[in-house]
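First up is the structure itself, then whatever we jot down about it.
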């Protein structure tokens, strides 16, 4: 028997309820009406691709008509205080406990603190870019919405695909790590709580606990954003207390002599470690997706994003310095650095405090992660790249229940089977790639406005961007493949080329738009530096990461050509006849008129 849809009391008679399962709820576009229509759409693929390459959204469309496709508004209930603690909950996970010892021992020595400084500065450059966009376009789509406005539909799809991939892999990885830390807390081997099977290596340890943790955090995120914020605040506060204990106890047992030699692996070791520990800063982009639920985005987002990341950078540097002063770098344990360090000074009981802190940190990372990635997914569905049923906001909770369930179910499926050793570097590549696109989009936003920027200035901007990105790639390649002597010869050419590209934008292309409320300082230099640093860090990931990244991107593009392209084309050209789509067209017209 087919499911019966029921409307809520608030809905008028005949209106559809929230729970929908018909084909038209998933594929309402004319291109998917029947097999004949789909074959015709596939035949028009080249023309549609050309159209979508040139297609760009507008601020007005993202802020107005696209949001109305969710049918119900997300509740504006968050303040800068909530966002700051979301920042702590999203970023401070197990990474600081796992990566610090590994990189101090193998690559940086006591200079690991400089690695955290370098990676923290790089992360802050990306935070600046996210903050300006989130203040200007406060919608749930985050980087997907920003890239769709400035770089177009195809670039936005690439971002969307990587965002969804990142959310699934990232949550699954953290959930499996949660199980491992729980085992260590009760003095059992890391895999003791998993079910061992005869499946292929890497997929033979089934993890029902990871599935349960994802389900619980997703259920909480579905119920209420404000309620999730309160739980995150309490859990993050406990985690900060654990970190404070680690820092204070570490410095009480510190020996300054352990800082000598400070640079045992030289400057290259510092930057090699920085590329790895950079990922302890990951997750801050989730805060930008909550702009739609923020009471005063122009004030609260800069305070929440920049405030939390500044504090987190300071905390990381203090933790790294405390570890380096407790033990000689040659004695640091790669896998359990802080537990072993406290054991070496007679505080073996502290390993349980560290394990508890890591467990709390991973819980908040999962909680804020599902909250943020569900909002990415919601806005992606509003554009019809994925079925629009996932864009719906529940009328009672004010949260995107369908999108949250989609992210949680996919993550749980991966977490149950996969050890994710192969996919960890792929996750890093996806994250950095999106950060590069974000910095590029910010430069385009500042220096290009359709109908205002002349063709000559547009060409100068394009040429300068190509020079910035090309020289950044060259610097990364030089670092990864050349000997020290040849490396500096390459830098002598490539660094001035990067500077010339940035200076070219500043001198040859007039700024076409200034931020209304809050903007990134020192444009174009800071966004250009963000491109260079993120490309540089991508270059340290190794060939295998790029092979996997290329394969996954190719698979995603096949989906786009077969499904996403035709759905977005129909919506853009008004083939999905609805009041909302008429509003999109009207918003586009109004924005173009305002720009002109």
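Yeah, the Cβs are placed from backbone N, Cα and C, and that goes for glycine too.
Checking the ranges 231-253, 392-414 against TrEMBL, the transmembrane segment annotation falls on 231-253. Among the ranges 206-224, 567-585, the stretch that TrEMBL annotates as transmembrane segment is 206-224.
Looking up the ranges 42-64, 111-133, 134-156 in TrEMBL, the one annotated as transmembrane segment turns out to be 111-133. Recorded stretches compared: 77-99, 305-329, 460-482; the one with the most Cβ pairs under 8 Å to the transmembrane segment (265-284) is 77-99. Counting Cβ pairs closer than 8 Å and at least 6 residues apart in sequence, the transmembrane segment (349-372) and the transmembrane segment (111-133) reach fewer than three and form no contact. Taking every recorded stretch in 77-99, 111-133, 426-448, 521-539, 545-563 and counting its Cβ pairs under 8 Å to the transmembrane segment (460-482), the highest total belongs to 521-539. Within the chain, the transmembrane segment (111-133) has long-range Cβ neighbours (under 8 A, six or more residues past its boundaries) at 100, 103-104, 142-143, 146, 262-265, 269-271, 273-275, 277-278, 280-281, 284-285, 287-288, 301-302, 305-306, 309-310, 312-313, 316-317, 320-321, 323-324, 329, 435, 438-439, 441-442, 445, 515, 518-521, 526-527, 529-530, 533-534, 537. Among the stretches 206-224, 231-253, 305-329, 426-448, 521-539, the one making the largest number of Cβ pairs under 8 Å with the transmembrane segment (77-99) is 305-329. Mapped onto DSSP helix, strand and coil, the domain 'Cationic amino acid transporter C-terminal' (518-567) counts 39 helix, 0 strand, 11 coil.
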